[in-house]
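Before any comments, here is the structure.
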Amino acid sequence: MDVLQTLQALRNELNQHNYNYYVLDNPTISDYEFDLKLKELQELEAKHPEYFDENSPTQRVGGAITKNFETVPHEYRMYSLDNSYSKEDLLDWEKRAQKILGDVPMEYTCELKYDGASISISYENGKLKRAVTRGDGFQGDDVTNNIKTIKAVPIRLKGDFPEKFDIRGEIILPFAGFEKMNQELIEIGETPYANPRNTASGSLKLQDSAEVAKRPLDCLLYSLIGNNLPIKTHFEGLEKARQWGFKVPKQSHLAKNMDEVLDFINYWDKHRHEMPYETDGVVVKINDLHQQDELGYTAKSPRWAIAYKFKAEQVSTKLNSISYQVGRTGAITPVANLEPVQLAGTVVKRASLHNADQIEKLDIRIGDEVFVEKGGEIIPKIIGVDLNKRPQDSEVTKYITHCPECQTELERKEGEANHYCPNFYGCPPQIIGRIQHFITRKAMDIEGLGGETVALLFNNHLVTNYADLYELKKEQIIPLERMAEKSADNMIRGIEKSKEIPFERVLYALGIRYVGETVAKKLAKHYKSIDAIASASLMDLILVDEIGEKIAQSVIEFFDNQENRFIIDRLKHYGVQLEVLATADTTVSDVLLGKTFVVSGVFEKFSRDDLKKAIEDNGGKVGSSISAKTHFVVAGDNMGPAKLEKAKQLNIPVISEDDFIKMINE
Ligand code: AMP
Ligand code: ZN
């Protein structure tokens, strides 16, 4: 095989794995193996720029920046859909169609109505050419770079696809991914996104496609458009699209008559909450494409299709009171305490009110009968007030001016929706929240210490910041509620062990606003020590890859604070890792490019996994057994004699971990 053939084979293989994983939901290799192959392809492509292919799976990670999205006309207009809300509406629609078509039998395709952002994607010769947003229906924005990062969108088709066609679908963000994104935002003190739909459509217009690549977006397709397509019915089109590699939800159903359509609607009205993404109705389409042609379009929508909107699950109930929660970063969140009520299968007692603006906009008052709806969020939200039921003596809600926990006057920064309690060091929920964040698994991962115990320690005046944890004595812990000798021992041991946590995670654990896991890694890699970060200027920080002004400003503020510096000095004194360990410094490079390593035995400075990662981070490959293709064997203690023998036979250098460290630091 020549290089080009190898490249193509790898690309095809990776495309197939993407398809298995993202479209079929049925991966056949591990993520790790996938990453290895992707890396192999990346290296090969780097060596052979002459074979660059914009549709290579390596291009899926994004990186292209679009400053201004180009406006392009749709070759075929993107219409809206008429809505219907009842059986009668649907029967009327059927009658109108029947009147135009005459008394012919009609079949219908029923599909769920996916709630996201519509997209039109053009393919030519089986390759993704262009993806355009709906815009005003006549023209939209070219978002090709961003769409290519969504792995469910095929960049190369398979089977007997037509030479040229468009396909339409919806870009969505499944609940699980949405919640994960929000969890990460909450962890660094950012405001979470309101709902999956807006987040999905916002993602399409991000300038940095690498950002889009990180979002767990999905693409569900529902219609083929083009001349002379090899299909006679809409349903056939769905099946073909599926064969060519598109993700077409299998819930789509061919109904022989209106009764079957109604059955489909009734079924999904009850079961739609079992879907992993949001749906807001059913789209019914007359199946025969000739019939569709004959029916044509109104000014705004096709006559051959109609959306049936599910009734949003909504109830009304009384707002008993509003309470205000104080988060780890001091952000205030108003929460509605409701008269308990059944909604979408659960009893709802509380609803989110977001912020002061929201309360003011809806003029929500205590004692009001409010409408509560459950969207994609975990916590339901209040969407309005039943003014007819407002008590005569009701009063406009006055947002609190002082912190409910520490009575400090609240602040609200220019352009921010939330109020904040500025009492960073004296406000109990902020103090407890920060320590709770410090001990979480992704941060210091302190075993034997949980969130509730942190509150207990604080309430007993044993800790007021995370540095205090390292001064805790067993005798202080044992007398506490639900504590005993053994649990105290575990806690102390867990705290002691956290001194081994690497710097990048310590940096994340400090809870600097906007410094999440990724940013912490970037900063640690760039500056190597807390002192270097603390003395960096705003400009310095902004120049670091992916660090924006908001983050930089927050870092500066954190280190400007005397108290923070003092706490960090204490952490240093206790032996917490506040710099990157020189020996384990495995900065990314390509010094090992083209070299294959086999790792064997037990190591002192690395775990085996870390050593393998270091090899890969520096461009090398990890082989599983010694062969003629191996360049080096990295040997630790207890390396098997058979392996040693084999390396000798093949004349492969056997190096120690220190040799290896030297090698990558050269
Ligand atoms: P509307 O925005 O209310 O006019 O509804 C039309 C939109 O519904 C289309 O632009 C599509 O993006 C979206 N939609 C979601 N699911 C489907 C589906 N299965 N078939 C057609 N359109 C759909
Ligand atoms: Zn406070």
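Backbone N, Cα and C atoms are what each Cβ position is placed from, and that goes for glycine too.
Curation plays no part in TrEMBL annotations; they are all automatic predictions.
Here TrEMBL flags Asp31, Tyr32, Glu33, Phe34, Asp35, Ser80, Leu81, Glu111, Arg134, Glu170, Lys285, Lys309 as NAD(+) binding site. Its own atom aside, the Cβ of Arg134 (NAD(+) binding site) has 20 Cβ atoms within 10 angstroms in the protein chains shown.
Annotated active site, N6-AMP-lysine intermediate per TrEMBL: Lys113, in sequence order. Sequence-distant contacts (6 or more apart, same chain, Cβ under 8 Å) of Lys113 (active site, N6-AMP-lysine intermediate) comprise Thr279, Asp280, Gly281, Val282, Val283, Ala307, Tyr308, Lys309. In three-state terms derived from DSSP, Lys113 (active site, N6-AMP-lysine intermediate) belongs to an extended strand segment.
The Zn(2+) binding site annotation in TrEMBL covers Cys403, Cys406, Cys421, Cys427. Within the same chain, residues at least six positions away from Cys421 (Zn(2+) binding site) with a Cβ under 8 Å of its Cβ are Val326, Gly330, Ile332, Cys403, Glu405, Cys406, Thr408, Leu410, Glu411, Cys427, Gln430.
The domain 'BRCT' annotation in TrEMBL covers 587-666.
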Whose Cβ lies within 8 Å of the mean position of the Cβ atoms of Cys403, Cys406, Cys421, Cys427, the Zn(2+) site, other than those residues? Val326, Gly330, Pro404, Glu405, Gln407, Thr408, Pro422, Asn423, Gly426, Pro428, Pro429, Gln430
Its residues classified by DSSP, the domain 'BRCT' (587-666) shows 28 helix, 15 strand, 37 coil
On the three-state reduction of DSSP, what should I expect for Arg134 (NAD(+) binding site)? coil
Of Glu33, Arg134, Cys403, Cys406, Cys421, Cys427, listed as binding-site residues, which ones have a Cβ less than 6 Å away from ligand 2? Cys403, Cys406, Cys421, Cys427
Under a three-state reading of DSSP, tell me whether Lys285 (NAD(+) binding site) is helix, strand or coil. strand
Comparing the binding-site residues Leu81, Cys403, Cys406, Cys427, which residue's C-beta has the most other C-beta atoms within 10 angstroms in this structure? Cys403
Which binding-site residues, if any, among Asp31, Asp35, Leu81, Cys403, Cys406, Cys421 have a Cβ under 6 Å from ligand 1, given in order along the chain? Leu81
